[in-house]
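Take a look at the structure set out below.
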Amino acid sequence: MDIIIKNGTIVTADGISRADLGIKDGKITQIGGALGPAERTIDAAGRYVFPGGIDVHTHVETVSFNTQSADTFATATVAAACGGTTTIVDFCQQDRGHSLAEAVAKWDGMAGGKSAIDYGYHIIVLDPTDSVIEELEVLPDLGITSFKVFMAYRGMNMIDDVTLLKTLDKAVKTGSLVMVHAENGDAADYLRDKFVAEGKTAPIYHALSRPPRVEAEATARALALAEIVNAPIYIVHVTCEESLEEVMRAKSRGVRALAETCTHYLYLTKEDLERPDFEGAKYVFTPPARAKKDHDVLWNALRNGVFETVSSDHCSWLFKGHKDRGRNDFRAIPNGAPGVEERLMMVYQGVNEGRISLTQFVELVATRPAKVFGMFPQKGTIAVGSDADIVLWDPEAEMVIEQTAMHNAMDYSSYEGHKVKGVPKTVLLRGKVIVDEGSYVGEPTDGKFLKRRKYKQ
């Protein structure tokens, strides 16, 4: 064996057990029994042994609002590793007037040899010409089996219903999964412009211009269009009861409706956008944070198996230099917030509070995203033959989240001041220790591109 992990409590989505495990050549080769000698033995007494976290919603080196986000693959993936995440699926964004192949080549240049953990891509389709829709057919051969479209941001990303239908139809034929940002873009734009015309330019009006019904209407429409062409569909970042009801209604009538929520929708509210000294701009993301009552609704849905995962939607817009561009007009504030490092710790608080079980935690942050996005059982579980992506978790360790302790390129944390109990201590990527007792010890060449399998239609 290369490594033996002994005395830990193994937690998977299927159960909890006490067993030692052996690792060789990057794979888990034995669980329990006599393991024999190893080059290194790690004592995991008092710790949970989790599969590495999988974050299927990140925007690492993104360009939007005429500016470049702060993180690189090097900084964002080190942050992810230190938070217990060993795989991300990042959004590879097509440039208008360019092919999808050019987008993939661009992302390969940014991520290749510069990622601390394993990574894959979803494709964001910004310019859905007929030739681009046809080009979607070749993506699964590259291991890219999901793509995203937007029902919001007219003039930037927004597509019409016919294009969404074409995209869904193409996905069925190619074994891919369409991910949809569901907001009624015209309604949001109308309210945004109306508020600004009335002199209402503070960050809070970002939330007020995108009320829950703006999200719910588009969610219902996207699900109906998927139903029309009998396609699976994945609704990203569900935030509120109104949208959740649409997802559940669709499921009840047999639509293959999948959905995620994100960490910030479990903890932040629209009142955070009213923080003084323009601090509210830190919490401008889309869809916006909702009411506190929605936290309970979302946690209940997580417990009841409605959601596939909790993602971070990590997007690294600095407070100084990015967000402050919108001091006089909330429409100029780049939308998005960091969270790839904090994700597992924040979701784990749901275990401490009795909102979800320990096995549900693993299901939501690792196993289910691996299954949905074509990585299981290579990723997302602890089993013989799986990649040795492992997190040793101290359930008793406590910390207060502060940006000074994070590893990204940001100047704030969305969860600044939150006290958490339960933190990752040691992280292995394919059998290599990349975080050792809280310290990053890996290399930027550790991560590899992950070719994902087709979605099971």
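Glycine too: its Cβ is placed from the backbone N, Cα and C atoms.
What Swiss-Prot says about this protein:
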type	residues	note
BINDING	His57, His59, Lys148, Asp313	Zn(2+) 1 binding site
MOD_RES	Ser69	phosphoserine
BINDING	Lys148, His181, His237	Zn(2+) 2 binding site
MOD_RES	Lys148	N6-carboxylysine
BINDING	Tyr153, Thr286, Asn335	substrate binding site
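Taking the features listed in Swiss-Prot, we show where each one sits on the structure.
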residue: His57; record: Zn(2+) 1 binding site; CB count, 10 Å: 26
residue: His59; record: Zn(2+) 1 binding site; CB count, 10 Å: 23
residue: Ser69; record: phosphoserine; CB count, 10 Å: 24
residue: Lys148; record: Zn(2+) 1 binding site; CB count, 10 Å: 22
residue: Tyr153; record: substrate binding site; CB count, 10 Å: 18
residue: His181; record: Zn(2+) 2 binding site; CB count, 10 Å: 23
residue: His237; record: Zn(2+) 2 binding site; CB count, 10 Å: 22
residue: Thr286; record: substrate binding site; CB count, 10 Å: 20
residue: Asp313; record: Zn(2+) 1 binding site; CB count, 10 Å: 26
residue: Asn335; record: substrate binding site; CB count, 10 Å: 21
Legend entry - Closest of Ser69, His181, His237, Thr286, Asn335 to His59 (Zn(2+) 1 binding site), Cα positions, recorded positions only: Ser69
Inset, instruction - Would you list, in sequence order, the residues of this chain other than Tyr153, Thr286, Asn335 that have their CB within 8 A of the centroid of the site's CB atoms, where the site is the one recorded for substrate? - result: Ala152, His181, Glu183, Phe285, Gly336
Legend entry - Other residues, Cβ within 8 Å of His57, His59, Lys148, Asp313 Cβ centroid (Zn(2+) 1 site): Thr58, Phe91, His122, Val236, His237, Ser311, His314, Cys315
Inset, instruction - Check the Cα distances from Thr286 (substrate binding site) to each of the recorded positions His57, Ser69, Lys148, His237 and keep only the ones within 10 Å. - result: His237
Inset, instruction - Between the Cα atoms of the residue listed as 'phosphoserine' and Asn335 (substrate binding site), find the distance and write it as a whole number of Å. - result: 11
Inset, instruction - Give the three-state DSSP assignment (helix, strand or coil) for His57 (Zn(2+) 1 binding site). - result: strand
Inset, instruction - Can you grab the distance from Tyr153 (substrate binding site) over to His181 (Zn(2+) 2 binding site)? Cα atoms, rounded to a whole Å. - result: 10
Inset, instruction - Specify all same-chain residues, apart from the site residues Lys148, His181, His237, whose Cβ lies within 8 angstroms of the center of the Cβ atoms of the Zn(2+) 2 site, ordered by sequence. - result: His57, Phe150, Met179, Val180, Ala182, Ile235, Val236
